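Student: The structure that follows is given in the form of structure tokens.
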Amino acid sequence: GQRDEEEHRSLESFTFYLSEPLSKERVEAFSDGVYAIVATLLILDICEDNVPDPREVQEKFHGSLLEALSEYGPNYLAYFGSFVTIGLLWFVHHSLFLYVTKATRLMGLLNILSLAFIGGLPLAYQLTSEFAEKSHNEIEAIQVSCVITFFASIFQFAIWTTALLHERETLHPFARYGGKEHAFMFAKLALYPCVSLGAFFLTCLLSEFSTAIFHLMQIVIPFAFLALRIFVRISLTVIKSVMSLSRRKVVLLEEEEACLSPTETLS
């Protein structure tokens, strides 16, 4: 009997409950460290091979540095696009944990999975920066980049969905269902998964324009974040005005019925 009780207690100490609380501060600190390292790795990939030689500038481009740098345009465009992607994913992560009041082990696990794919963004940069050199691998490189971005962002969306299951304990009232920031958080967290998935399928259908589609996605998304706030605000204002008008009509009808006599209401 004693041995059974001791074994039962030892098993309880090693039981893993996904709903148990986790230090929110340590999750944020670990995430910021990963984002900082990944952003640093991007700039380390730009080395002497990406900078034109002075003799080449003088002989081939007649002393024009801008023309020489334009030859390496895809490399720089891929760098800035990847850096903006990391920056916006960090911004979304920051906004998410700004409204998370208590983290759980399941949220921490989903956060680690998201960081695992964010760590693959330098690989996506290396692939996309070689478009001009290896054009036959262009579509595959773009699709790998879209897949990495999709999974890095979809796990962020999963963190918020998990928090909504126990929103009274884990979320600030503003981000809960019906809160002031609920609709904007949903749109902001769903933007990258939808756009990266759409770009993936577009590159499968329109392979000739795969490079233009991918770079357009990287350029449009920062402006889309700004447009989302305006669109959500306008749509919520329209919905509130429509609901208020319908309520006023109901109130007016009730007042008119109250003013009518019983015989008039029956007729």
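Yeah, the Cβs are placed from backbone N, Cα and C, and that goes for glycine too.
Keep in mind it's a predicted model, so treat the numbers as computed, not measured.
Taken from TrEMBL, the feature transmembrane segment applies to 76-99, 106-125, 141-165, 186-206, 212-239.
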Student: In the same chain, who gets a Cβ under 8 Å from the transmembrane segment (212-239) while lying at least 6 residues past its ends?
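Tutor: Distant Cβ neighbours of the transmembrane segment (212-239) are 77, 81-82, 84-85, 88, 91, 128, 142, 145-146, 183-184, 187-188, 191-192, 195-196, 199, 202-203, 206.
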Student: Could you name the stretch, out of 76-99, 141-165, 186-206, with the greatest number of CB pairs under 8 A to the transmembrane segment (106-125)?
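Tutor: Comparing 76-99, 141-165, 186-206: 141-165 has the most Cβ pairs near the transmembrane segment (106-125).
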